[in-house]
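Here's the structure, in structure tokens; my notes come after.
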Amino acid sequence: MTRLDSVERAVADIAAGKAVIVIDDEDRENEGDLIFAAEKATPEMVAFMVRYTSGYLCVPLDGAICDRLGLLPMYAVNQDKHGTAYTVTVDARNGIGTGISASDRATTMRLLADPTSVADDFTRPGHVVPLRAKDGGVLRRPGHTEAAVDLARMAGLQPAGAICEIVSQKDEGSMAHTDELRVFADEHGLALITIADLIEWRRKHEKHIERVAEARIPTRHGEFRAIGYTSIYEDVEHVALVRGEIAGPNADGDDVLVRVHSECLTGDVFGSRRCDCGPQLDAALAMVAREGRGVVLYMRGHEGRGIGLMHKLQAYQLQDAGADTVDANLKLGLPADARDYGIGAQILVDLGVRSMRLLTNNPAKRVGLDGYGLHIIERVPLPVRANAENIRYLMTKRDKLGHDLAGLDDFHESVHLPGEFGGAL
């Protein structure tokens, strides 16, 4: 496994005017970009970038800068397969020659990052390619564009970077990949990080939720407090059903019974027997009610293990044709499980939870909640009922996704509801 450096080192290097290398996901470009802060651009840095990269130098900017400078899309309908938001190319209007030299491009980069610059300070077209980053950075789009802007902002600089893809020194005509990038980083004293690490760092160190409303909700299991949250960057709403006092004068936030439940319209609302989600939700509410203290956190945006409702219905079509729940996702070009629990962890922290007994049979959920200042002291099995419609689904979760589901092999379709088995979507 390739050795990586810390995000903290990368941020410090960016602040100091050094370049870093950022690798994206293997399922995306699987390439490493040389990145530095645009306001720190020098002729030497640009020359180094040109020497070891493709030479197609881009300057990622946040949306506010693009709007201020009148940087319009390069083409009305973006057809780039990764959605990179190219704008019209530019040169600095004054202080440069032809615009192509390292010195000229460094001047243009610094001007793009200058908060006092205006649209008329640039000529169009030019030799530098500004890119528009998504609001929310890598949390919205895991690309090098957003990584550059995030790193600059985290370093206390203007949200403007300079990026270009590093080319292979071993395989002429190809881009450099992970192992070669590590060697290159060591040779030149550069930090090497991944976009995944940057996403994880931001999720752990920044708050991305807002508590919006709280209301009393009487249910057949008793009364809960429904506390509504919005996710700042994802335009998704979540709700926590809270019973009893979690933290406060008479509670310390420890030993809280918690269920983090993934949204499932078909199971939770329509009572679909293809999954075990509805019975799990009902059982979790009942168990928290009996406990007298706990949280059932209902996570929106997790439909179909994160692939969305329409894709889930398409996956059902494939399952009806013989695929299992995992293979169906993969046949659609989607991950077997695309859920992220970072927002859920932040909500639990906001509610005052410090340590919990987690209601789940999915070990991955436990891993997904670790590392956010939360301590999971126990995994509590959540019983549900298997039936003829969901038994194959449950077995696939057990066999391919590692869910802890005991007793499924004893199921017989001739028996209507054979007993209770744990399952966690």
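Cβ coordinates are placed from backbone N, Cα and C, and glycine is handled just like the others.
Record check: Swiss-Prot places Arg259, Val260, His261, Ser262, Glu263, Glu303, Gly304, Arg305, Thr325, Thr360, Lys365 at the GTP site, and the matching candidate among Gln280, Gln317, Gln346 is Gln280.
Counting only the Cα atoms, the space from Arg259 (GTP binding site) to Cys277 (Zn(2+) binding site) is about 12 angstrom.
Ranked by CA distance from Asp33 (D-ribulose 5-phosphate binding site), the recorded positions Cys275, Glu303, Asp337, Thr360 have Asp337 at the top as the closest. Cα spacing between His261 (GTP binding site) and Glu165 (D-ribulose 5-phosphate binding site): 40 Å, rounded to the nearest whole number. Between Cys275 (Zn(2+) binding site) and Arg305 (GTP binding site), the C-alpha separation comes to 12 Å.
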